[in-house]
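Structure first, commentary second.
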Amino acid sequence: MARKTSIERYRNIGICAHVDAGKTTTTERVLFYTGLSHKIGEVHDGAATMDWMEQEQERGITITSAATTCFWQGMDKQFPEHRVNIIDTPGHVDFTIEVERSLRVLDGAVVVLCASSGVQPQTETVWRQANKYEVPRMVFVNKMDRAGADFLSVVHQMKTRLAAQAVPMQLPVGAEDNFRGVVDLVKMKFINWSEEDMGTSFTYEDIPADMVDECEKYHGELVEAAAEANEELMNKYLEEGELTEAEIKQGLRIRTLANDICLVACGSAFKNKGVQAVLDAVIEYLPSPTEVKPITGILDDESEGVRKSSDEEPFSALAFKIATDPFVGTLTFVRVYSGVLNQGDGVVNPVKNKKERVGRMVQMHSNSREEIKEVRAGDIAALIGLKDVTTGDTLCDPAHKITLERMEFPEPVISVAVEPKTKADQEKMGIALGKLAAEDPSFRVKTDEESGQTIISGMGELHLDIIVDRMKREFKVECNVGQPQVAYREAIRDAVEIEGKFVRQSGGRGQFGHVWLKLEPMTIEEDANGDDITYKFVNEIVGGVVPKEYIPAVDKGIQEQMQQGVLAGYPVLGVKATLYDGSYHDVDSSEMAFKIAGSMAFKKGALKANPALLEPMMKVEVITPEESMGDVVGDLNRRRGLIEGMEEAPGGLKAVNAQVPLSEMFGYATDLRSQTQGRASYSMEFLKYAEAPNNIAEKVMAERNAK
């Protein structure tokens with residue numbers, strides 16, 4: 001089967017935003033205008049087509065990123081048909097993992113901001129993630145019909161809070177209740193969308209007289225931004241002082257793809273104005289799969305390989321989301337980077353070294369689906385029938401193996417114990433949790449060996465609430481949930497030298513392992529991928545006093561003991577262990593003996609090295625009305641918070657930034673609501689581990705050891 005749409009006409013984009021900036025409504029309008037959903041779904045009444053899990057419709061927030069394919073030829077039918085794959089991403093802070101996961105497989109992004117609340121903490125997080133993956137993006141300032149809407153103030157915030165090179169490509173005509181449409185600064189025309197047919201048709205009109213000067217000014221800035229794309233355009237601009245429409249678009253495209261500038265459009269998705277022009281901009285300024293850097297990966301021989309976006313290359317794809325579907329079982333969403341895959345083909349998952357056969361393939365549209373026979377480079381689709389694939393795994397051609405880089409998932413910071421309400425549900429709960437953990441790598445399940453309880457861990461209280469909620473709805477398992485537990489860690493404060501000796505020589509084959517270790521605290525560094533390095537092992541053995549083959553066993557023994565902790569059973573972070581001496585026995589020494597010697601030495605040494613308990617510190621930002629500021633700050637101080645600063649926030653509010661221990665943040669949402677009559681909002685993300693004060697450490701240790 002030949003390709004229907006050439007790969008140059010593909011756009012794989014994500015729509016990302018802060019909670020409530022109107023992202024799902026924006027996506028809905030995109031689906032409406034591209035002719036897929038004939039009735040516009042409103043989030044206000046819980047009917048949006050992208051939000052397909054029940055809880056999303058109830059809470060009015062988007063949790064799972066659904067992938068949707070649609071086609072667009074332009075507002076004026078001015079383009080050949082383009083294929084746009086959209087990934088809707090959640091904006092709530094507990095789900096940043098979903099956003100990270102989607103950005104990894106996108107080529108471009110549309111960031112939706114609210115015209116009245118502007119750049120919010122979550123936007124900054126999304127922006128940082130998009131920078132990390134070098135995703136070219138444009139911004140849609142939505143809700144221009146809202147009270148307090150101010151387009152230029154949002155553009156200014158983008159420059160100050162996101163350090164973005166923001167260039168307006170439109171200006172709003174009117175604002176709040178009088179919002180009428182936008183001026184296209186490239187064409188220098190007022191776009192007036194018709195109210196009768198929900199904005200499907202429009203007319204180009206002259207710019208309102210009172211806006212001409214302002215439009216000229218911003219048109220000038222736009223042309224300058226385009227001219228800086230290359231020398232040819234610059235020279236023409238310097239000679240003639242103007243560029244043609246095609247040249248402006250060409251220049252803006254080059255600079256957007258290079259991440260030099262970020263174009264800003266505006267409108268109101270709810271009022272059916274502006275989204276149509278954003279679709280045009282996606283096609284004109286965001287990249288096709290062939291215009292982003294080809295993806296690299298590790299080949300079988302550990303060297304680096306490259307896969308270009310082409311059907312001729314060997315097949316490679318990345319699984320970026322797993323979803324459980326009541327009818328077909330597991331759906332594995334993949335982004336195809338290269339090659340072609342037909343229904344029934346075999347693929348290999350090099351991460352787990354397993355072969356898989358692709359049963360069926362479907363193209364998703366929100367929650368409806370159509371069966372397809374093949375996928376090609378650039379496609380985003382869901383595969384059915386894969387048995388052992390987790391988020392972030394690679395699927396590739398068995399004859400040309402490649403492992404595309406793994407996605408990095410943050411460590412969970414909060415845990416709760418769960419138990420089924422009836423004994424009969426125990427097994428069902430295990431199955432449900434297993435499925436949910438396969439879908440979401442930032443959610444973990446383990447059984448506490450001592451108490452036998454099932455412990456679930458995640459990125460925040462809302463995250464775990466939704467997991468428990470989904471067990472009840474999708475798997476019909478009701479649970480009792482225990483008190484939240486904090487993921488503490490341990491560390492050493494002093495350097496020590498210590499001996500570990502494991503000897504059993506009482507007849508028969510004995511055991512003999514003997515090591516001298518130096519343990520030192522080390523500051524946690526980041527490696528090239530931005531992952532934390534929390535442990536280093538250095539081998540300084542000379543003259544073979546400990547034979548080479550036993551050295552990895554010593555390292556392993558130390559690491560196993562580090563996982564078990566020495567104070568209260570929490571893993572130890574930030575240790576440099578140097579093996580510098582020891583001895584062995586020709587007959588009785590074994591890997592096992594040296595592993596035990598290493599772990600004994602670590603335990604003894606860590607207890608002598610002035611160990612400390614570390615607690616997770618959260619970066620908290622509270623946006624509050626000024627009159628509640630005193631209460632908010634006082635409350636954060638009571639929670640052992642360290643106030644880092646206060647600044648103006650949009651809409652006359654104040655932003656308070658603080659570092660607060662996670663253990664003090666439980667139930668914060670409820671307390672904040674009552675202090676500020678529900679007018680404040682907060683966001684929280686993990687920042688670092690820091691030493692816990694003695695009184696807290698003693699309390700935690702007493703509780704742990706009492707068990």
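Note: Cβ is positioned from N, Cα and C throughout, glycine not excepted.
Because the structure is a prediction, the values reported are computed rather than measured.
Listed in Swiss-Prot:
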| type | residues | note |
| --- | --- | --- |
| DOMAIN | 8-290 | domain 'tr-type G' |
| BINDING | 17-24, 88-92, 142-145 | GTP binding site |
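Known features from Swiss-Prot, placed on the structure.
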residue : record           : DSSP (3 states)
A17     : GTP binding site : strand
K23     : GTP binding site : helix
T89     : GTP binding site : coil
M144    : GTP binding site : coil
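Its Cβ placed at the centre, M144 (GTP binding site) has 30 other Cβ atoms within 10 Å.
Summed and averaged per residue, pLDDT over the domain 'tr-type G' (8-290) gives 82.
Among the binding-site residues D20, K23, T89, the residue whose Cβ has the fewest other Cβ atoms within 10 Å is D20. Every protein chain considered, the tally of other Cβ atoms within 10 Å of the Cβ of A17 (GTP binding site) stands at 29.
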